[in-house]
Amino acid sequence: MGIQEGTLADMSGLHKWVFLVLSATQFILGMLGNGFIVLVNGSSWFKNKTISLSDFIIANLALSRIVLLWILLVDGVLIVFSSKVHDEGIIMQIIDIFWTFTNHLSIWLATCLSVLYCLKIASFSHPTFLWLKWRVSRMVVQMILGALVLSCASALSLIHEFKMYSILGGIDGTGNVTEHFRKKRNEYKLIHVLGTLWNLPPLIVSLASYFLLIVSLGRHTQRMEPSGTSSGDPSTEAHKRAIKIILSFLLLFLLYFLAFLITSSSYFIPGTEMVKIIGELITMFYPASHSFILILGNSKLKHMFVGMLRCESGHLKPGSKGPVSL
């Protein structure tokens with residue numbers, strides 16, 4: 001690689017440790033946030049023998065992001081310390097399959113949550129919207145099952161490319177075979193990048209949910225203005241919470257999507273190891289940070305989280321009387 005190899009060698013010192021510290025920090029925060037969601041909703045489900053659809057989606061979303069964080073951490077460490085192992089052979093294939101499945105499932109679960117909030121909270125008199133609103137639980141469950149099928153299909157679709165990649169990689173033939181292998185490898189990488197277009201449908205659905213909630217909030221505010229209670233009634237607050245959660249998902253997802261495109265560009269542009277590493281750090285920010293937005297946007301999770309923080313601060317302060325009830 002010439003100059004590029006020297007650039008990568010320069011990373012053996014400070015840059016590697018900076019990457020490790022930032023990755024470990026995001027990983028730990030993400031595990032704490034998502035683990036808290038799984039623990040609270042899981043224990044509530046086990047205790048009450050029942051769980052609401054929104055809590056079920058949030059718990060599975062957090063669980064998928066725990067797996068996603070592990071995948072991203074392993075992927076980033078391999079890029080920095082063993083790029084050849086990362087880019088060749090079975091390791092790359094395993095990471096790609098698990099990342100593709102978990103990534104698609106996580107995105108679709110967040111989309112299902114956006115649709116659920118929209119249909120539960122927004123208010124329109126259009127017959128189509130009312131038909132969907134009356135069947136919201138059934139429709140969202142069908143969306144979850146469809147998301148699971150699509151995630152499996154997207155991951156399994158890589159197996160054919162992996163077989164060709166492995167067969168050609170094991171052949172020590174003529175120059176023509178080597179060139180054919182190089183073309184097939186580039187085709188695989190191009191298909192892998194173009195596979196990100198599968199993220200457009202959930203993004204469009206989430207944008208539509210966000211738009212409908214904005215319109216519904218505007219209409220609701222106009223109706224409540226004569227009575228002077230538009231700013232504090234439960235419906236307005238529910239609209240605002242849902243809008244914040246969906247908007248945060250959209251912004252973080254766009255950042256995540258751009259980071260993945262930056263990382264994928266290293267497949268085709270030589271000497272972009274540093275760009276790939278920066279992309280890995282930005283990519284990990286999405287599943288790590290969105291968990292805390294979900295916690296603050298959910299009354300039960302927020303109550304438990306604030307109570308836990310007050311309990312911890314009470315233990316740290318001598319003479320404290322403990323947490324104050326909300």
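Each residue, glycine too, has its Cβ placed from N, Cα and C.
So that you can see what the record holds, here are the features copied from TrEMBL:
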TRANSMEM  17-40  transmembrane segment
DOMAIN    33-294  domain 'G-protein coupled receptors family 1 profile'
TRANSMEM  61-81  transmembrane segment
TRANSMEM  101-119  transmembrane segment
TRANSMEM  140-159  transmembrane segment
TRANSMEM  190-215  transmembrane segment
TRANSMEM  245-269  transmembrane segment
TRANSMEM  275-296  transmembrane segment
Relative to the transmembrane segment (17-40), which of 61-81, 101-119, 140-159, 275-296 accounts for the most Cβ pairs at distances under 8 Å?
275-296
Take a look at 61-81, 140-159, 275-296 and tell me which one has the most Cβ pairs under 8 Å to the transmembrane segment (101-119).
140-159
Please give the sequence-distant neighbours of the transmembrane segment (140-159): residues at least 6 beyond its ends with Cβ less than 8 Å from one of its Cβ atoms.
53, 57, 60, 93, 96-98, 100-102, 104-105, 108-109, 111-112, 115-116, 119, 192, 195, 198
